[in-house]
Every structure is written in C-alpha cells, then in structure tokens.
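The next block holds one structure in the form of structure tokens; read it before the comments.
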Amino acid sequence: MSVWTSRKAAEDNDTSLSSGIRAGLQKAVVTLHPEWVRVLQDDSVTLRCQGTYPPGDNSTKWFHNGSLTLQQDANYLIGSAKVKDSGEYTCQTALSMLSDPVNLEVHIGWLLLQTTQRPVFREGDPIRLNCHSWRNTPVYKVTYLQNGKGKKYFHKNSELHIPNATQNHSGSYFCRGIIGRNNKSSETLRITVGDLTSPSTFPPWHQITFCLLIGLLFTIDTVMYFSVQKGLRRSTADYEEPEVHWSKEPENKTISEEKQSFRSSRANSETPENR
C-alpha cells in the first residue's frame, strides 16, 4: 500500500469519526434563573448553558440574536437588565450542538405579568403567572384579571397557578395592585391554550372549496369566451357583401326630359306676339 493510499484512508477514517461524533452529539440547553421569560428593567437574570464539555475545556459559546458574544462561561449573568438585552439566546459547547433559542423580554414599568414560557400552552399544561414589581417593591391587594374580569385576589402578592390549562383559560390577562398609595396595573398579556401539534399539510376544507369554485368559474368563463369567438368567426365567414349595380338610365332619362322641356319652352316663347 502506498503512502498516499494510507494517508487517504486515515483522512477518511478521521472524517467518518468526526461525522459520527457530530451525529451523536446532543443539543445544549439554556435555562433561565429565575425562570421568568419576561422581566423588568434593572432585574438580575442568569442564563445557564447545560451541555457536555471535554476534559479541561469549560468554554461556552453564547449567541444573542444570532451574534456571538464575548461571554465564555457556562453562566451568562445579566446584572441589571436593559431593553437592549431582549432577544433570543443560544449556547454551544465543544461536545454539544447549538441549543434551541430561549427568548428573554425586558420591559419598562411598575408592574409586569410574568410567565415561565412564551404565552402559548397546550391543554393540560400548568400555567404560572406572577405580578412582578419594579425592583421588587412591595405590592398589596393584587388582582389577576382575565378578559377584564377579576379572576383571583391576593391581599399580599402571590403567584397565580393554573394546574391544568384548558381553552377556557385563553384570553387577555393583566394584574393590578397597590404600590405605596398608588394603584398600578401591568400591560395586557395574551395567553393562548390549544393544540400545538403540527398543522396538517392539507389546507382547511373552506380553502379547498374556495379554490375549486374559483377554478370552476375560470373554466366557465374560458369556455364562454372561446364559444363567442367561434360564433363571431362563423358569422363573418357566412356573411356575403351584396352586389351593387349602378344604372345610368334614370340619369339619362332625366337629361332627355329636360332637353325636351327646354325645346318646348323655346318654341312657345317664339310666338308671333313676341317676334
């Protein structure tokens, strides 16, 4: 076996080994601490990357909105959150694939209705809501409202737990409470509870019916158009222009009659009385 053949075989083995390792890698996982995906400005948030590291290499790649950051630790600390920190975060280790994105929202206000995930839930999922105040200022007489109606009241601020979500829990939520002597309310958060399975590759029946109707109307219109065109061509082919025969007899007859009348008038004018 030649040196080139041996080298080529070794390279192929390395490539196969690398491909096999990449195929066997698991995704890294990003978690939030605290768990809330919605926070207020100046809150402290820690993102943790859970993945596999090779011996002696604990470096981590962090991406914010797709751009590589300077952070290389497994823990990504945001000491005082700002609006610019909002967005998607992903991480990757040497022996882990790129994680799924985790979305962080940073808001400005006195109160914020917090959730532990984006506000779309499956039926049966638990839902946790928290009426969070800026810089953890004490809040009293807290009311959680759904579609403008009071759902739960707490004299002292507490989380609202929905153990098994149903479609009846879908709607617009917000919270309000007393901070100092002032009544404050959070922004409205739309929560959806439903079937999150992959949608069918077939369009809904009403879309199918609409498309069939449009196709039928187009076909009828096309047939009528060509029928009319064919009828017009046939009518044109069957039409014969009538022959026109011109005769000079009436004209000649008129001229002769005028000559005869002129002669008669002349003869009458030459009477003896006029001579």
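Cβ atoms are placed via backbone N, Cα and C, with glycine included.
Marked as topological domain 'Extracellular' by Swiss-Prot: 24-207. Summarising the annotation, Swiss-Prot assigns domain 'Ig-like C2-type 1' to 28-92. Under the heading disulfide bond, Swiss-Prot lists Cys49-Cys91, Cys131-Cys175, citing sequence analysis as support. Sequence annotations record features per position, and here Swiss-Prot assigns domain 'Ig-like C2-type 2' to 101-192. Annotation comment: Swiss-Prot describes 208-228 as transmembrane segment. Summarising the annotation, Swiss-Prot assigns topological domain 'Cytoplasmic' to 229-275 and lists a curator's inference as the type of evidence. What Swiss-Prot lists as region 'Disordered' is 237-275. According to Swiss-Prot, the feature phosphotyrosine maps to Tyr239. The annotation compositional bias 'Basic and acidic residues' is assigned in Swiss-Prot to 242-261. The compositional bias 'Polar residues' annotation in Swiss-Prot covers 262-275.
Taking a C-beta cut-off of under 8 angstroms and a sequence separation of 6 or more, Cys49 (disulfide bond) has the following same-chain neighbours: Ala28, Val29, Val30, Thr60, Trp62, Ala74, Asn75, Tyr76, Cys91, Gln92, Thr93, Ser99. DSSP places the residues of the domain 'Ig-like C2-type 2' (101-192) in helix, strand and coil in these numbers: 6 helix, 55 strand, 31 coil. Taking a C-beta cut-off of under 8 angstroms and a sequence separation of 6 or more, Cys131 (disulfide bond) has the following same-chain neighbours: Leu111, Leu112, Leu113, Gln114, Val139, Val142, Tyr144, Asn157, Leu160, Cys175, Gly177, Ser186. Of all the Cβ atoms in the protein chains shown, 28 others lie within 10 Å of the Cβ of Cys175 (disulfide bond). Every protein chain shown contributes to the tally, and the Cβ of Cys91 (disulfide bond) ends up with 26 other Cβ atoms within 10 Å.
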